[in-house]
Amino acid sequence: MIQRLSHPSLLSLETLFKLCKSEIHLNQIHARIIRKGLEQDQNLISIFISSSSSSSSSLSYSSSVFERVPSPGTYLWNHLIKGYSNKFLFFETVSILMRMMRTGLARPDEYTFPLVMKVCSNNGQVRVGSSVHGLVLRIGFDKDVVVGTSFVDFYGKCKDLFSARKVFGEMPERNAVSWTALVVAYVKSGELEEAKSMFDLMPERNLGSWNALVDGLVKSGDLVNAKKLFDEMPKRDIISYTSMIDGYAKGGDMVSARDLFEEARGVDVRAWSALILGYAQNGQPNEAFKVFSEMCAKNVKPDEFIMVGLMSACSQMGCFELCEKVDSYLHQRMNKFSSHYVVPALIDMNAKCGHMDRAAKLFEEMPQRDLVSYCSMMEGMAIHGCGSEAIRLFEKMVDEGIVPDEVAFTVILKVCGQSRLVEEGLRYFELMRKKYSILASPDHYSCIVNLLSRTGKLKEAYELIKSMPFEAHASAWGSLLGGCSLHGNTEIAEVVARHLFELEPQSAGSYVLLSNIYAALDRWTDVAHLRDKMNENGITKICGRSWISR
(Lines of atoms letter the chains of each structure in order from A and count residues from 1; the text may use other names and numbers.)
(Lines give C-alpha, C1' and ligand atoms only; values in the text may rest on other atoms or scores of the structure.)
Protein backbone atom coordinates (compact mmCIF):
# COMPACT_ATOMS: atom_id res chain seq x y z
CA MET A 1 0.00 0.00 0.00
CA ILE A 2 2.90 2.35 0.79
CA GLN A 3 4.30 1.89 -2.72
CA ARG A 4 0.93 2.73 -4.32
CA LEU A 5 0.58 5.94 -2.32
CA SER A 6 1.29 8.42 -5.12
CA HIS A 7 -0.81 11.36 -3.87
CA PRO A 8 -2.22 10.51 -0.45
CA SER A 9 -5.53 11.89 0.76
CA LEU A 10 -6.14 12.42 4.47
CA LEU A 11 -8.56 9.49 4.48
CA SER A 12 -6.11 7.09 2.83
CA LEU A 13 -3.39 8.14 5.28
CA GLU A 14 -5.60 7.47 8.30
CA THR A 15 -6.37 4.01 6.91
CA LEU A 16 -2.68 3.41 6.27
CA PHE A 17 -1.65 4.46 9.78
CA LYS A 18 -4.11 1.98 11.27
CA LEU A 19 -2.27 -0.80 9.44
CA CYS A 20 1.10 0.20 10.92
CA LYS A 21 2.57 -2.47 13.16
CA SER A 22 5.98 -0.99 13.93
CA GLU A 23 8.09 2.16 13.87
CA ILE A 24 9.68 0.90 10.65
CA HIS A 25 6.30 1.25 8.92
CA LEU A 26 6.00 4.84 10.19
CA ASN A 27 9.48 5.61 8.85
CA GLN A 28 8.46 4.26 5.45
CA ILE A 29 5.32 6.41 5.36
CA HIS A 30 7.26 9.49 6.43
CA ALA A 31 9.88 8.87 3.75
CA ARG A 32 7.11 8.61 1.17
CA ILE A 33 5.58 11.90 2.38
CA ILE A 34 8.97 13.63 2.05
CA ARG A 35 9.52 12.28 -1.49
CA LYS A 36 6.10 13.58 -2.53
CA GLY A 37 6.94 17.04 -1.16
CA LEU A 38 4.09 16.98 1.37
CA GLU A 39 6.14 17.49 4.53
CA GLN A 40 4.80 21.03 5.01
CA ASP A 41 1.14 19.95 4.76
CA GLN A 42 0.12 20.64 8.36
CA ASN A 43 -3.14 18.67 8.20
CA LEU A 44 -1.28 15.65 6.90
CA ILE A 45 1.54 16.01 9.46
CA SER A 46 -1.02 16.37 12.29
CA ILE A 47 -2.50 12.99 11.30
CA PHE A 48 1.00 11.53 11.21
CA ILE A 49 1.76 12.86 14.73
CA SER A 50 -1.56 11.60 16.15
CA SER A 51 -1.08 8.16 14.64
CA SER A 52 2.56 7.79 15.66
CA SER A 53 2.29 8.75 19.33
CA SER A 54 1.61 5.29 20.76
CA SER A 55 4.94 4.91 22.58
CA SER A 56 7.72 7.08 24.02
CA SER A 57 10.05 6.29 21.12
CA SER A 58 7.27 7.10 18.63
CA LEU A 59 6.64 10.39 20.45
CA SER A 60 10.29 11.28 19.99
CA TYR A 61 9.95 10.53 16.29
CA SER A 62 6.76 12.64 16.12
CA SER A 63 8.66 15.55 17.64
CA SER A 64 11.39 15.27 14.99
CA VAL A 65 8.73 15.34 12.24
CA PHE A 66 7.14 18.38 13.91
CA GLU A 67 10.52 20.19 13.94
CA ARG A 68 10.69 20.03 10.13
CA VAL A 69 7.59 22.23 9.81
CA PRO A 70 8.86 25.87 9.73
CA SER A 71 5.77 27.66 11.07
CA PRO A 72 3.44 25.17 12.78
CA GLY A 73 -0.03 26.47 13.54
CA THR A 74 -2.03 26.03 16.75
CA TYR A 75 -3.75 22.94 15.35
CA LEU A 76 -0.41 21.19 14.84
CA TRP A 77 0.96 22.29 18.24
CA ASN A 78 -2.16 20.84 19.87
CA HIS A 79 -1.58 17.45 18.23
CA LEU A 80 1.97 17.36 19.59
CA ILE A 81 0.82 18.41 23.08
CA LYS A 82 -1.93 15.78 22.97
CA GLY A 83 0.58 13.01 22.27
CA TYR A 84 2.60 13.84 25.40
CA SER A 85 -0.48 14.59 27.52
CA ASN A 86 -2.03 11.20 26.71
CA LYS A 87 1.14 9.57 28.04
CA PHE A 88 0.94 11.77 31.18
CA LEU A 89 4.42 13.16 30.51
CA PHE A 90 4.14 16.30 32.61
CA PHE A 91 7.46 18.10 32.01
CA GLU A 92 7.41 17.48 28.25
CA THR A 93 3.79 18.67 27.90
CA VAL A 94 4.37 21.89 29.85
CA SER A 95 7.66 22.52 28.03
CA ILE A 96 5.90 22.34 24.65
CA LEU A 97 3.26 24.82 25.86
CA MET A 98 5.96 27.26 27.03
CA ARG A 99 7.83 26.90 23.76
CA MET A 100 4.62 27.52 21.83
CA MET A 101 4.08 30.74 23.80
CA ARG A 102 7.69 31.89 23.23
CA THR A 103 7.57 31.51 19.44
CA GLY A 104 4.71 33.99 19.16
CA LEU A 105 3.70 32.34 15.86
CA ALA A 106 0.78 30.40 17.35
CA ARG A 107 -1.49 31.01 20.32
CA PRO A 108 -2.93 28.32 22.59
CA ASP A 109 -6.69 27.95 22.22
CA GLU A 110 -9.62 26.28 23.97
CA TYR A 111 -8.30 22.84 22.93
CA THR A 112 -4.76 23.43 24.24
CA PHE A 113 -5.48 24.11 27.90
CA PRO A 114 -7.60 21.03 28.73
CA LEU A 115 -4.74 18.87 27.39
CA VAL A 116 -2.24 20.61 29.66
CA MET A 117 -4.56 20.51 32.69
CA LYS A 118 -5.08 16.79 32.20
CA VAL A 119 -1.39 16.10 32.77
CA CYS A 120 -1.17 18.64 35.64
CA SER A 121 -4.03 16.99 37.54
CA ASN A 122 -2.68 13.48 36.95
CA ASN A 123 0.70 14.50 38.40
CA GLY A 124 -0.75 16.61 41.23
CA GLN A 125 1.07 19.72 39.97
CA VAL A 126 -0.98 22.33 41.84
CA ARG A 127 1.48 25.22 41.44
CA VAL A 128 2.00 24.76 37.69
CA GLY A 129 -1.71 24.16 37.13
CA SER A 130 -2.56 27.37 38.99
CA SER A 131 -0.04 29.25 36.84
CA VAL A 132 -1.68 27.90 33.68
CA HIS A 133 -5.02 29.03 35.11
CA GLY A 134 -3.59 32.54 35.48
CA LEU A 135 -2.46 32.42 31.84
CA VAL A 136 -5.97 31.41 30.76
CA LEU A 137 -7.47 34.35 32.66
CA ARG A 138 -5.04 36.76 30.95
CA ILE A 139 -5.68 35.38 27.46
CA GLY A 140 -9.44 35.29 28.00
CA PHE A 141 -10.38 31.64 27.53
CA ASP A 142 -11.80 31.26 31.06
CA LYS A 143 -15.37 31.66 29.78
CA ASP A 144 -15.11 28.60 27.53
CA VAL A 145 -17.11 25.69 28.98
CA VAL A 146 -14.51 23.03 28.08
CA VAL A 147 -11.62 25.06 29.52
CA GLY A 148 -13.60 25.90 32.67
CA THR A 149 -14.54 22.26 33.16
CA SER A 150 -10.89 21.20 32.85
CA PHE A 151 -10.03 23.54 35.76
CA VAL A 152 -12.91 22.26 37.91
CA ASP A 153 -11.57 18.76 37.25
CA PHE A 154 -7.98 19.83 37.99
CA TYR A 155 -8.74 21.51 41.32
CA GLY A 156 -11.05 18.65 42.28
CA LYS A 157 -8.37 16.01 41.69
CA CYS A 158 -5.92 18.12 43.69
CA LYS A 159 -8.57 18.28 46.49
CA ASP A 160 -8.79 22.07 46.36
CA LEU A 161 -12.58 22.21 46.70
CA PHE A 162 -12.67 25.97 47.28
CA SER A 163 -11.01 26.69 43.91
CA ALA A 164 -13.04 24.02 42.12
CA ARG A 165 -16.30 25.50 43.41
CA LYS A 166 -15.12 29.06 42.62
CA VAL A 167 -14.28 28.19 38.99
CA PHE A 168 -17.59 26.36 38.65
CA GLY A 169 -19.52 29.31 40.10
CA GLU A 170 -17.87 31.78 37.69
CA MET A 171 -18.59 29.72 34.57
CA PRO A 172 -21.18 31.56 32.41
CA GLU A 173 -22.17 28.25 30.81
CA ARG A 174 -22.13 24.76 32.30
CA ASN A 175 -22.91 21.38 30.83
CA ALA A 176 -23.41 17.90 32.29
CA VAL A 177 -19.65 17.29 32.19
CA SER A 178 -19.01 20.46 34.26
CA TRP A 179 -21.50 19.37 36.91
CA THR A 180 -20.03 15.86 36.94
CA ALA A 181 -16.51 17.26 37.45
CA LEU A 182 -17.70 19.04 40.61
CA VAL A 183 -19.57 15.96 41.88
CA VAL A 184 -16.39 13.91 41.35
CA ALA A 185 -14.36 16.60 43.17
CA TYR A 186 -16.55 16.28 46.27
CA VAL A 187 -16.50 12.48 46.07
CA LYS A 188 -12.69 12.34 45.85
CA SER A 189 -12.42 14.56 48.92
CA GLY A 190 -14.85 12.36 50.86
CA GLU A 191 -17.52 15.08 50.99
CA LEU A 192 -20.38 12.76 50.06
CA GLU A 193 -23.17 14.97 51.45
CA GLU A 194 -21.98 17.87 49.28
CA ALA A 195 -21.59 15.52 46.31
CA LYS A 196 -25.18 14.32 46.79
CA SER A 197 -26.41 17.93 47.05
CA MET A 198 -24.69 18.87 43.77
CA PHE A 199 -26.00 15.68 42.17
CA ASP A 200 -29.56 16.59 43.20
CA LEU A 201 -29.13 20.10 41.72
CA MET A 202 -27.91 18.86 38.33
CA PRO A 203 -30.29 19.98 35.56
CA GLU A 204 -29.24 16.97 33.52
CA ARG A 205 -27.42 13.93 34.88
CA ASN A 206 -25.10 11.82 32.78
CA LEU A 207 -23.82 8.31 33.39
CA GLY A 208 -20.54 9.68 34.74
CA SER A 209 -22.27 11.56 37.58
CA TRP A 210 -24.31 8.49 38.58
CA ASN A 211 -21.19 6.31 38.55
CA ALA A 212 -19.17 8.84 40.55
CA LEU A 213 -21.71 8.99 43.37
CA VAL A 214 -22.25 5.21 43.45
CA ASP A 215 -18.49 4.68 43.59
CA GLY A 216 -18.13 7.25 46.37
CA LEU A 217 -20.77 5.52 48.48
CA VAL A 218 -19.15 2.14 47.84
CA LYS A 219 -15.71 3.37 48.88
CA SER A 220 -17.16 4.89 52.06
CA GLY A 221 -18.61 1.48 52.94
CA ASP A 222 -22.24 2.60 52.57
CA LEU A 223 -23.35 -0.33 50.41
CA VAL A 224 -27.03 0.07 51.33
CA ASN A 225 -27.31 3.56 49.84
CA ALA A 226 -24.94 2.65 47.00
CA LYS A 227 -27.24 -0.21 45.97
CA LYS A 228 -30.30 2.03 46.35
CA LEU A 229 -28.76 4.62 44.00
CA PHE A 230 -27.56 1.87 41.66
CA ASP A 231 -31.14 0.56 41.37
CA GLU A 232 -32.39 4.08 40.55
CA MET A 233 -29.97 4.51 37.64
CA PRO A 234 -31.83 4.95 34.33
CA LYS A 235 -28.90 3.31 32.55
CA ARG A 236 -25.91 1.32 33.78
CA ASP A 237 -22.60 0.38 32.21
CA ILE A 238 -19.85 -2.02 33.21
CA ILE A 239 -18.26 0.70 35.39
CA SER A 240 -21.48 0.87 37.45
CA TYR A 241 -21.53 -2.90 37.90
CA THR A 242 -17.82 -3.16 38.66
CA SER A 243 -18.07 -0.56 41.46
CA MET A 244 -20.86 -2.53 43.12
CA ILE A 245 -19.15 -5.91 42.60
CA ASP A 246 -15.97 -4.52 44.15
CA GLY A 247 -17.95 -3.04 47.05
CA TYR A 248 -19.74 -6.27 47.86
CA ALA A 249 -16.46 -8.20 47.56
CA LYS A 250 -14.68 -5.87 49.99
CA GLY A 251 -17.67 -6.20 52.34
CA GLY A 252 -17.41 -9.99 52.23
CA ASP A 253 -20.73 -10.53 50.44
CA MET A 254 -19.56 -12.68 47.54
CA VAL A 255 -23.07 -13.99 46.83
CA SER A 256 -24.31 -10.48 45.94
CA ALA A 257 -21.06 -9.77 44.06
CA ARG A 258 -21.54 -12.89 41.92
CA ASP A 259 -25.24 -12.12 41.32
CA LEU A 260 -24.39 -8.65 39.97
CA PHE A 261 -21.59 -10.07 37.86
CA GLU A 262 -24.05 -12.50 36.25
CA GLU A 263 -26.53 -9.66 35.68
CA ALA A 264 -23.99 -7.37 33.96
CA ARG A 265 -23.64 -7.37 30.19
CA GLY A 266 -20.37 -7.05 28.35
CA VAL A 267 -18.19 -7.67 31.41
CA ASP A 268 -14.59 -6.59 30.84
CA VAL A 269 -11.32 -7.44 32.53
CA ARG A 270 -12.05 -5.00 35.39
CA ALA A 271 -15.22 -6.83 36.39
CA TRP A 272 -13.48 -10.21 36.19
CA SER A 273 -10.67 -8.77 38.29
CA ALA A 274 -13.05 -7.49 41.00
CA LEU A 275 -14.71 -10.91 41.26
CA ILE A 276 -11.49 -12.96 41.30
CA LEU A 277 -9.81 -10.65 43.82
CA GLY A 278 -12.98 -10.73 45.93
CA TYR A 279 -12.94 -14.51 46.19
CA ALA A 280 -9.20 -14.52 46.93
CA GLN A 281 -9.48 -11.83 49.63
CA ASN A 282 -12.44 -13.57 51.26
CA GLY A 283 -10.69 -16.90 51.66
CA GLN A 284 -12.42 -18.70 48.79
CA PRO A 285 -9.44 -19.69 46.62
CA ASN A 286 -11.24 -22.52 44.80
CA GLU A 287 -13.90 -20.08 43.59
CA ALA A 288 -11.19 -17.65 42.45
CA PHE A 289 -9.64 -20.36 40.27
CA LYS A 290 -13.05 -21.40 38.97
CA VAL A 291 -13.83 -17.83 37.84
CA PHE A 292 -10.38 -17.55 36.25
CA SER A 293 -11.10 -20.70 34.23
CA GLU A 294 -14.44 -19.21 33.10
CA MET A 295 -12.65 -16.03 32.05
CA CYS A 296 -10.03 -17.90 30.02
CA ALA A 297 -12.77 -19.95 28.33
CA LYS A 298 -14.28 -16.65 27.11
CA ASN A 299 -10.86 -15.57 25.71
CA VAL A 300 -10.56 -12.62 28.10
CA LYS A 301 -6.90 -11.77 28.66
CA PRO A 302 -6.04 -11.33 32.37
CA ASP A 303 -4.27 -8.22 33.64
CA GLU A 304 -1.70 -8.05 36.44
CA PHE A 305 -4.37 -7.45 39.09
CA ILE A 306 -6.13 -10.69 38.19
CA MET A 307 -2.85 -12.58 38.29
CA VAL A 308 -2.05 -11.09 41.71
CA GLY A 309 -5.48 -12.24 42.95
CA LEU A 310 -4.90 -15.70 41.52
CA MET A 311 -1.52 -15.94 43.22
CA SER A 312 -3.10 -14.83 46.50
CA ALA A 313 -5.63 -17.67 46.15
CA CYS A 314 -2.83 -20.11 45.44
CA SER A 315 -0.91 -18.88 48.51
CA GLN A 316 -3.95 -19.55 50.70
CA MET A 317 -4.28 -23.09 49.40
CA GLY A 318 -0.57 -23.81 49.69
CA CYS A 319 -0.88 -26.16 46.72
CA PHE A 320 2.50 -26.91 45.15
CA GLU A 321 1.03 -28.21 41.84
CA LEU A 322 -1.21 -25.16 41.31
CA CYS A 323 1.70 -22.90 42.19
CA GLU A 324 3.80 -24.47 39.43
CA LYS A 325 0.97 -24.06 36.88
CA VAL A 326 0.42 -20.37 37.71
CA ASP A 327 4.17 -19.73 37.72
CA SER A 328 4.54 -21.40 34.32
CA TYR A 329 1.60 -19.40 32.91
CA LEU A 330 3.19 -16.14 34.07
CA HIS A 331 6.68 -17.10 32.94
CA GLN A 332 5.41 -17.46 29.36
CA ARG A 333 3.62 -14.09 29.45
CA MET A 334 5.72 -11.98 31.83
CA ASN A 335 6.36 -9.29 29.22
CA LYS A 336 2.61 -8.53 29.20
CA PHE A 337 2.44 -7.70 32.91
CA SER A 338 3.93 -5.02 35.14
CA SER A 339 6.71 -6.69 37.13
CA HIS A 340 6.18 -4.08 39.88
CA TYR A 341 2.92 -5.82 40.85
CA VAL A 342 3.50 -9.37 39.69
CA VAL A 343 6.99 -10.33 40.91
CA PRO A 344 6.39 -9.68 44.66
CA ALA A 345 3.15 -11.71 44.46
CA LEU A 346 4.99 -14.45 42.55
CA ILE A 347 7.64 -14.59 45.29
CA ASP A 348 4.92 -14.71 47.97
CA MET A 349 3.07 -17.55 46.22
CA ASN A 350 6.16 -19.69 45.66
CA ALA A 351 7.38 -19.12 49.21
CA LYS A 352 4.07 -20.03 50.84
CA CYS A 353 3.57 -23.06 48.60
CA GLY A 354 6.95 -24.53 49.50
CA HIS A 355 8.75 -23.66 46.26
CA MET A 356 11.49 -21.82 48.18
CA ASP A 357 14.22 -22.30 45.55
CA ARG A 358 12.05 -20.62 42.91
CA ALA A 359 11.08 -17.83 45.34
CA ALA A 360 14.73 -17.22 46.21
CA LYS A 361 15.70 -17.12 42.52
CA LEU A 362 13.00 -14.56 41.73
CA PHE A 363 14.00 -12.55 44.80
CA GLU A 364 17.69 -12.47 43.85
CA GLU A 365 16.85 -11.50 40.24
CA MET A 366 14.86 -8.42 41.30
CA PRO A 367 16.76 -5.29 40.17
CA GLN A 368 15.57 -3.48 43.29
CA ARG A 369 14.18 -5.44 46.22
CA ASP A 370 11.54 -3.71 48.33
CA LEU A 371 9.87 -4.19 51.70
CA VAL A 372 7.04 -6.31 50.25
CA SER A 373 9.38 -8.82 48.60
CA TYR A 374 11.50 -9.13 51.76
CA CYS A 375 8.38 -9.76 53.87
CA SER A 376 7.13 -12.42 51.43
CA MET A 377 10.44 -14.27 51.64
CA MET A 378 10.53 -14.07 55.45
CA GLU A 379 6.96 -15.39 55.76
CA GLY A 380 7.74 -18.29 53.42
CA MET A 381 10.88 -19.17 55.37
CA ALA A 382 8.96 -19.16 58.66
CA ILE A 383 6.15 -21.36 57.29
CA HIS A 384 8.70 -23.97 56.25
CA GLY A 385 10.66 -23.94 59.51
CA CYS A 386 13.49 -21.65 58.49
CA GLY A 387 13.10 -19.02 61.22
CA SER A 388 16.82 -18.35 61.65
CA GLU A 389 17.21 -17.74 57.89
CA ALA A 390 14.24 -15.33 58.02
CA ILE A 391 15.90 -13.36 60.80
CA ARG A 392 19.16 -13.15 58.84
CA LEU A 393 17.17 -11.86 55.86
CA PHE A 394 15.52 -9.21 58.05
CA GLU A 395 18.95 -8.03 59.19
CA LYS A 396 20.17 -7.97 55.57
CA MET A 397 17.15 -5.85 54.62
CA VAL A 398 17.98 -3.31 57.33
CA ASP A 399 21.66 -3.30 56.30
CA GLU A 400 20.58 -2.44 52.73
CA GLY A 401 18.91 0.71 54.04
CA ILE A 402 15.29 -0.45 53.84
CA VAL A 403 13.40 0.86 56.87
CA PRO A 404 10.98 -1.72 58.33
CA ASP A 405 7.42 -0.56 58.88
CA GLU A 406 4.73 -1.92 61.20
CA VAL A 407 3.84 -4.68 58.72
CA ALA A 408 7.47 -5.82 58.48
CA PHE A 409 7.66 -6.02 62.27
CA THR A 410 4.42 -8.02 62.36
CA VAL A 411 6.04 -10.48 59.95
CA ILE A 412 9.30 -10.84 61.90
CA LEU A 413 7.43 -11.19 65.21
CA LYS A 414 5.31 -13.97 63.66
CA VAL A 415 8.54 -15.60 62.45
CA CYS A 416 9.89 -15.55 66.01
CA GLY A 417 6.63 -17.01 67.33
CA GLN A 418 6.51 -19.85 64.81
CA SER A 419 10.18 -20.68 65.46
CA ARG A 420 9.90 -20.13 69.25
CA LEU A 421 12.74 -17.60 69.26
CA VAL A 422 11.88 -15.76 72.49
CA GLU A 423 14.95 -13.54 72.90
CA GLU A 424 14.89 -12.43 69.28
CA GLY A 425 11.15 -11.71 69.38
CA LEU A 426 11.37 -9.57 72.52
CA ARG A 427 14.40 -7.74 71.08
CA TYR A 428 12.53 -6.86 67.87
CA PHE A 429 9.49 -5.75 69.88
CA GLU A 430 11.66 -3.28 71.81
CA LEU A 431 13.59 -2.24 68.68
CA MET A 432 10.34 -1.42 66.90
CA ARG A 433 9.15 0.86 69.69
CA LYS A 434 12.41 2.52 70.72
CA LYS A 435 14.51 2.81 67.55
CA TYR A 436 11.78 3.13 64.91
CA SER A 437 9.17 4.88 67.11
CA ILE A 438 6.42 2.54 65.91
CA LEU A 439 3.50 2.22 68.32
CA ALA A 440 2.76 -1.43 69.03
CA SER A 441 -0.57 -2.45 67.51
CA PRO A 442 -2.93 -5.22 68.71
CA ASP A 443 -1.33 -7.47 66.07
CA HIS A 444 2.16 -6.85 67.45
CA TYR A 445 1.04 -7.64 71.00
CA SER A 446 -0.74 -10.78 69.76
CA CYS A 447 2.49 -11.97 68.15
CA ILE A 448 4.37 -11.60 71.45
CA VAL A 449 1.56 -13.30 73.39
CA ASN A 450 1.72 -16.17 70.89
CA LEU A 451 5.52 -16.37 71.26
CA LEU A 452 5.36 -16.49 75.07
CA SER A 453 2.45 -18.95 75.05
CA ARG A 454 4.15 -21.39 72.67
CA THR A 455 7.26 -21.44 74.86
CA GLY A 456 5.36 -22.06 78.10
CA LYS A 457 5.71 -18.54 79.52
CA LEU A 458 1.97 -18.40 80.22
CA LYS A 459 2.02 -16.05 83.22
CA GLU A 460 4.18 -13.54 81.29
CA ALA A 461 1.77 -13.76 78.36
CA TYR A 462 -1.23 -13.18 80.65
CA GLU A 463 0.44 -10.20 82.33
CA LEU A 464 1.29 -8.72 78.90
CA ILE A 465 -2.37 -8.94 77.84
CA LYS A 466 -3.45 -7.17 81.04
CA SER A 467 -0.85 -4.41 80.47
CA MET A 468 -1.93 -3.63 76.89
CA PRO A 469 -2.94 0.04 76.36
CA PHE A 470 -6.11 -1.17 74.62
CA GLU A 471 -8.57 -4.04 74.83
CA ALA A 472 -6.91 -7.25 73.66
CA HIS A 473 -8.67 -8.86 70.72
CA ALA A 474 -9.64 -12.49 70.40
CA SER A 475 -6.47 -13.63 68.61
CA ALA A 476 -4.30 -12.71 71.63
CA TRP A 477 -6.57 -14.54 74.08
CA GLY A 478 -6.82 -17.45 71.63
CA SER A 479 -3.02 -17.76 71.44
CA LEU A 480 -2.82 -17.87 75.23
CA LEU A 481 -5.57 -20.49 75.45
CA GLY A 482 -3.72 -22.55 72.86
CA GLY A 483 -0.58 -22.28 74.99
CA CYS A 484 -2.54 -23.39 78.06
CA SER A 485 -3.76 -26.42 76.12
CA LEU A 486 -0.24 -27.23 74.95
CA HIS A 487 1.26 -26.94 78.44
CA GLY A 488 -1.74 -28.20 80.48
CA ASN A 489 -2.37 -25.06 82.55
CA THR A 490 -6.01 -25.26 83.69
CA GLU A 491 -5.92 -22.28 86.07
CA ILE A 492 -5.03 -19.68 83.44
CA ALA A 493 -7.06 -21.50 80.76
CA GLU A 494 -10.33 -21.03 82.68
CA VAL A 495 -9.71 -17.29 83.08
CA VAL A 496 -8.78 -16.90 79.41
CA ALA A 497 -11.75 -18.96 78.22
CA ARG A 498 -14.19 -16.68 80.09
CA HIS A 499 -12.80 -13.69 78.16
CA LEU A 500 -13.14 -15.55 74.86
CA PHE A 501 -16.72 -16.62 75.64
CA GLU A 502 -17.57 -12.91 75.97
CA LEU A 503 -15.61 -11.79 72.90
CA GLU A 504 -16.75 -14.62 70.61
CA PRO A 505 -19.94 -16.07 72.12
CA GLN A 506 -20.72 -18.18 69.04
CA SER A 507 -17.21 -19.54 68.45
CA ALA A 508 -16.83 -23.26 69.18
CA GLY A 509 -13.02 -23.11 69.20
CA SER A 510 -12.64 -21.79 72.76
CA TYR A 511 -15.07 -24.38 74.16
CA VAL A 512 -13.30 -27.20 72.35
CA LEU A 513 -9.83 -26.15 73.54
CA LEU A 514 -10.94 -25.87 77.18
CA SER A 515 -12.79 -29.18 76.86
CA ASN A 516 -9.60 -30.83 75.58
CA ILE A 517 -7.66 -29.47 78.57
CA TYR A 518 -10.25 -30.94 80.96
CA ALA A 519 -10.25 -34.26 79.09
CA ALA A 520 -6.46 -34.54 79.32
CA LEU A 521 -6.81 -34.27 83.12
CA ASP A 522 -9.77 -36.74 83.24
CA ARG A 523 -12.14 -33.98 84.38
CA TRP A 524 -15.09 -35.49 82.53
CA THR A 525 -17.73 -33.70 84.59
CA ASP A 526 -16.32 -30.37 83.40
CA VAL A 527 -16.22 -31.68 79.82
CA ALA A 528 -19.91 -32.61 80.01
CA HIS A 529 -20.77 -29.24 81.55
CA LEU A 530 -19.05 -27.41 78.68
CA ARG A 531 -20.85 -29.47 76.04
CA ASP A 532 -24.20 -28.81 77.72
CA LYS A 533 -23.39 -25.08 77.67
CA MET A 534 -22.57 -25.29 73.94
CA ASN A 535 -25.91 -26.99 73.26
CA GLU A 536 -27.81 -24.39 75.30
CA ASN A 537 -26.21 -21.57 73.29
CA GLY A 538 -26.71 -23.33 69.95
CA ILE A 539 -22.97 -23.62 69.31
CA THR A 540 -21.81 -26.43 67.06
CA LYS A 541 -18.29 -27.55 66.28
CA ILE A 542 -17.39 -26.97 62.63
CA CYS A 543 -16.00 -30.08 61.00
CA GLY A 544 -12.50 -29.90 59.55
CA ARG A 545 -11.91 -29.96 55.82
CA SER A 546 -9.04 -30.57 53.43
CA TRP A 547 -8.11 -29.01 50.08
CA ILE A 548 -8.17 -31.47 47.21
CA SER A 549 -6.43 -30.31 44.04
CA ARG A 550 -7.58 -31.73 40.75
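Just so it is clear, glycine is given a Cβ too, placed from its N, Cα and C backbone atoms.
If you look up Swiss-Prot, you'll see 73-107 marked as repeat 'PPR 1'. According to Swiss-Prot, the repeat 'PPR 2' annotation covers 109-143. Residues annotated as repeat 'PPR 3' in Swiss-Prot: 144-174. Among the features that Swiss-Prot reports, repeat 'PPR 4' is placed at 175-205. If you look up Swiss-Prot, you'll see 206-240 marked as repeat 'PPR 5'. Sequence annotations record features per position, and here Swiss-Prot assigns repeat 'PPR 6' to 241-267. Per Swiss-Prot, repeat 'PPR 7' is recorded for 268-302. Annotated repeat 'PPR 8' per Swiss-Prot: 303-333, in sequence order. If you look up Swiss-Prot, you'll see 339-369 marked as repeat 'PPR 9'. Marked as repeat 'PPR 10' by Swiss-Prot: 370-404. The repeat 'PPR 11' annotation in Swiss-Prot covers 405-435. The repeat 'PPR 12' annotation in Swiss-Prot covers 441-475. As annotated by Swiss-Prot, region 'Type E motif' applies to 476-550.
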Check your understanding: In this predicted model, what is the average pLDDT of the region 'Type E motif' (476-550)?
Key -> 80
Revision key, fill the gap. Tertiary contacts of the repeat 'PPR 12' (441-475), defined by C-beta under 8 angstroms and 6+ residue spacing from its ends, are 406, 409-410, 413-414, 416-417, 420-422, 425-426, 429, 432, 482-484, 486-487, 489, 492, 495-496, 499-500, 503-504, 507
Practice item. Mark yes when the repeat 'PPR 6' (241-267) and the repeat 'PPR 8' (303-333) have three or more Cβ pairs under 8 Å (sequence separation 6 or more) and no when they do not. Key: no
Check your understanding: Any residues 6+ beyond the ends of the repeat 'PPR 7' (268-302) with a Cβ under 8 Å from its own?
Key -> 238-239, 241-242, 245-246, 248-250, 252, 254, 257-258, 261, 308-310, 312-314, 316-317, 322, 336, 547
Practice item. With DSSP as the yardstick, break the repeat 'PPR 8' (303-333) down into helix, strand and coil residue counts. Key: 28 helix, 0 strand, 3 coil
**Study point:** Same-chain residue ranges lying at least 6 outside the repeat 'PPR 11' (405-435) that approach it to Cβ under 8 Å
**Key:** 371, 374-375, 378-379, 381-383, 385, 387-388, 390-391, 394, 397, 441, 443-444, 447-448, 450-452, 454-455, 457
**Study point:** Helix, strand and coil residues within the region 'Type E motif' (476-550) as assigned by DSSP
**Key:** 52 helix, 0 strand, 23 coil
